[in-house]
Amino acid sequence: MSGAMTTTTNAPQPSTEAPRKPRFPYWKQDFTASLVVFLVALPLCVGVAVASGVPAELGLVTGIVGGLVTGLLPGSSLQVSGPAAGLTVLVFEAVREFGLPVLGVIVLITGLLQLVMGALKLGRYFRAISVSVVEGMLAGIGLVLIAGQLYSAAGLEAPASGLDKIFGLPGAVVDAVGSTTALASLAVAAGTIAVMVFWKKLPKAAQTVPGALAAVGLATVVTLVFSLPVATVEVQGLLASIQPPGLEAFGELADVALLGTILAFLLIASAESLFSAAAVDRLHDGPRTEYDKELMAQGAGNTVSGVLGALPMTAVIVRSSANVAAGARTKASRVLHGVWLLLFAALLPSVLAYIPLPALAGILVHAGYKLIPFKGVASLWRSHRGEALILIVTAVAIVAVNMFEGVLIGLALSVVKTAWDASHIKLEIIDKGAGPIQAYLSGNATFLKLPKILDSLEALPQDRPIELHLGGVHHLDHACRTALENWAARHSAPDTEPVKVNEPTEDPAPATTSAVSAGDAVDAGDAEPAKQPVRAEKR
């Protein structure tokens, strides 16, 4: 009997399964970056809170929420949120007018509205806000912040309004010169600013410690060693400072002025966060920001901050750029920075009591200076004078009136300029005596401008050759095109060469407006574009 013989072998077969990726492949980079961001955020959280007229611990609470709540949610992978200098003036005005208990209501409602707007896919539309208005807003905030903190640097109480702050500075200087305590405070503040300015000139190894932290640390040591007579941060304790808004605080919502303040918070916090997201996207080559999700993440953070009675939050370009520069790859870095803030607030709150207030004032004077786009204004004035005027008027209005009305004035001017640009037409005639007359039409040619256009063209001599150039026309409606064709056909005398019309080389673009995307916004912080974009991972 014959049959096929089979053999078996126990030799190992090559695996066809792909190797499993580690669950946290970038934990080292994110861990290191989280420590850097924590060191950057710590003095800023405290400084913004003190300048806003609230307990220092509330700044830490907002920073913690920004890390643990907003940091966990999708939107922008590497953007870091927390209390921002850009909202300091608005928060101070709100606390002064409505009281600290109502601040939680303002922040809570702002957060809920951000959640609704994100759910309705409205986040992307904040990118269409005129950059001139945003920069003017930040410049106005910077001016008021600098003026107010100069009083704090001298240990003096600042006046309420922006104009009073500025015009009262000469008198404050006179008062400070005659006071040993004020001079000591000014010396601490000036030293803090000097350290922050010159810190960037040190070797890269020294810059591992953030400039703001180094400045506050040195100011604290000097104050303790020389027993300088300067005020320090008052410490209440983390739990004692958290005061959720009560029902009576919600009763203030019947006040129209409070509703206007909420609208200002909503507009400024949302715009600043989304503009910051666009700036951070330019620093790395990872996933781009999903603006609606980022707006919802900001809304969730502000809702929690409002429930805790803390400060409002926005995305902060200084912390975000530090996060990218430190090598962060996922959102784990910003979450961990919130953990470190929580541990500090829980275990070492007494350290805050040693920090001199003039040092925090110095940090905020430096931050206010960074908010003012000095070079940008000069460049804008040379290229787009109308936009530069919007920026300047917005900034001046914020200083002279208040934040909310100043921003409204800027937005109104932006709309007026957009309407002007949409209907503006320019006809330039060049006649060198010999050769054809050159007529250059530019702008937006609509039927509304036909009388002006035709009056100018019909005034040209009929016995000379004419060339009409339409290359600068952004929009040419049917009525205008027909009228120009009719004029060209009948204008020239019988023995004269007919009018030559040079059409645009390609289809006219839609009418331009003063609104530009957030990606073109100028950063209002210490962020510098990375020479080599960092690769971010979406996790």
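Heads up, the Cβ atoms here are built off N, Cα and C, so glycines get one too.
Copied over from TrEMBL, here are the features:
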- 1-16: compositional bias 'Polar residues' (COMPBIAS)
- 514-524: compositional bias 'Low complexity' (COMPBIAS)
- 28-394: domain 'SLC26A/SulP transporter' (DOMAIN)
- 1-21: region 'Disordered' (REGION)
- 489-539: region 'Disordered' (REGION)
- 31-51: transmembrane segment (TRANSMEM)
- 58-78: transmembrane segment (TRANSMEM)
- 98-120: transmembrane segment (TRANSMEM)
- 132-156: transmembrane segment (TRANSMEM)
- 176-199: transmembrane segment (TRANSMEM)
- 211-233: transmembrane segment (TRANSMEM)
- 253-275: transmembrane segment (TRANSMEM)
- 339-369: transmembrane segment (TRANSMEM)
- 389-416: transmembrane segment (TRANSMEM)
Taking the transmembrane segment (132-156) as reference, the highest number of CB pairs under 8 angstroms among 31-51, 58-78, 211-233, 339-369 goes to 339-369
I'd like to know if the transmembrane segment (31-51) touches the transmembrane segment (253-275) in this structure, counting it as a touch only when three or more C-beta pairs sit under 8 Å and are separated by 6 or more positions. no
Averaged over the domain 'SLC26A/SulP transporter' (28-394), the pLDDT of the predicted model comes to 89
